[in-house]
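What TrEMBL annotates here:
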DOMAIN    7-138  domain 'EamA'
TRANSMEM  31-51  transmembrane segment
TRANSMEM  63-86  transmembrane segment
TRANSMEM  92-113  transmembrane segment
TRANSMEM  125-142  transmembrane segment
TRANSMEM  148-168  transmembrane segment
DOMAIN    149-283  domain 'EamA'
TRANSMEM  207-231  transmembrane segment
TRANSMEM  238-260  transmembrane segment
TRANSMEM  266-284  transmembrane segment
Amino acid sequence: MSRVNVALFILLAFIWGSSYTFIKIAVDGLTPAQLVLGRVVLGAVVLFAVLTATKGKLPRNAAVWGHTVVTALLGMVVPFLLLAWGEQRTSAAMAGVLIAATPLLTLAAVTTALPAEKVTWRKGVGFVVGFVGVVLVIGPWSTSAGSLAGQLAVLGAALCYALQTVYVKKMLASKGVPPLVSATTQVITATVLQAIVTPFFPWKAPHFSVGVIISILLLGIVGTGLAYLIYFRLIGDLGAANASAVNYLVPITAVLVSLITLGESISWNMVVGTVIVLAALAFAENRVPALAPART
């Protein structure tokens, strides 16, 4: 891996990991629906600007747009709402750690929905051990009902991401849509959908403190716009499998950023549970998430 890609890899983990802290700050002044709408609008502006600058074009195939409605719901609208609602009730560190279960849920969803994907003994053991890790992270023996509801909402977001992966593999992989076009189409669709549903959610007058403004700008421009561009660059240089290894670093950066900026406490079960989840994922995938050799 080149030095540039190492830097981009670490930067992406930092961007996605710190997003949970920014969500936590933003929901102090915005409702979940307001936050998500602002986030996808800003992300759409960034991605569409890049697509236009690179001479890219949005798809004209109606079927692709139809599938994009599903991926926008599963990959942005619903999970973004669940994360915002969940972080009103649980910590940013907890949210970042629980999202680490996404690859395990994807593993379960793929092997269930796609017959070609075989359930190996490694995958089975990895999923069971990973589930134990998730339970340990939540710590139901010391969790209040409100906090548990927030944590379950975050897990619901992780499940949405997993289902989106399955849907893309099953319905869109053969369409030949370039990644940047796909991402831009998805975030534009998410913007339209969120604009439609926002009036139906509870409303309150937004409170735009400096922290809230900075958080929403970073979530939209950096977390939803720039992050996708970095991810696609890494996929092109390293391949999808190696690029996805960033998932191992996201919960670590999420915990560190929330600890430093918000002063959140980290319990022993969160640390041990996170290690178990990541180890289970590495075991199930039959690989250590090492960085790929440098390309010349």
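Positions of Cβ are set from backbone N, Cα and C atoms, glycine also.
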Worksheet entry | Same-chain residue ranges lying at least 6 outside the transmembrane segment (125-142) that approach it to Cβ under 8 Å | 94, 97-98, 101, 104, 107-108, 148, 151, 155, 267, 269-270, 272-277, 279-281, 283-285
Worksheet item: To the transmembrane segment (148-168), which of 31-51, 63-86, 92-113, 207-231, 238-260 is linked by the most Cβ pairs under 8 Å?
Response: 63-86
Discussion item. Restricting to the domain 'EamA' (149-283), what is the model's mean pLDDT?
Written reply: 87
Practice prompt. Return the stretch with the most CB pairs under 8 A relative to the transmembrane segment (63-86), choosing among 31-51, 92-113, 207-231, 238-260, 266-284.
Written response: 31-51
Worksheet entry | Range from 31-51, 92-113, 207-231, 238-260 with most C-beta pairs under 8 A to the transmembrane segment (266-284) | 92-113
Worksheet item: Relative to the transmembrane segment (31-51), which of 92-113, 207-231, 238-260 accounts for the most Cβ pairs at distances under 8 Å?
Response: 207-231
Item to complete: Tally the residues of the domain 'EamA' (7-138) by DSSP class, grouping H, G and I as helix, E and B as strand, and everything else as coil.
Response: 108 helix, 0 strand, 24 coil
Discussion item. Given a Cβ distance threshold of under 8 angstroms, which distant residues of the chain, six or more beyond its ends, lie next to the transmembrane segment (207-231)?
Written reply: 8, 11-12, 15-16, 18-19, 22-23, 25-26, 28-30, 35, 38-43, 45-47, 50, 76, 180, 183, 187, 243, 246
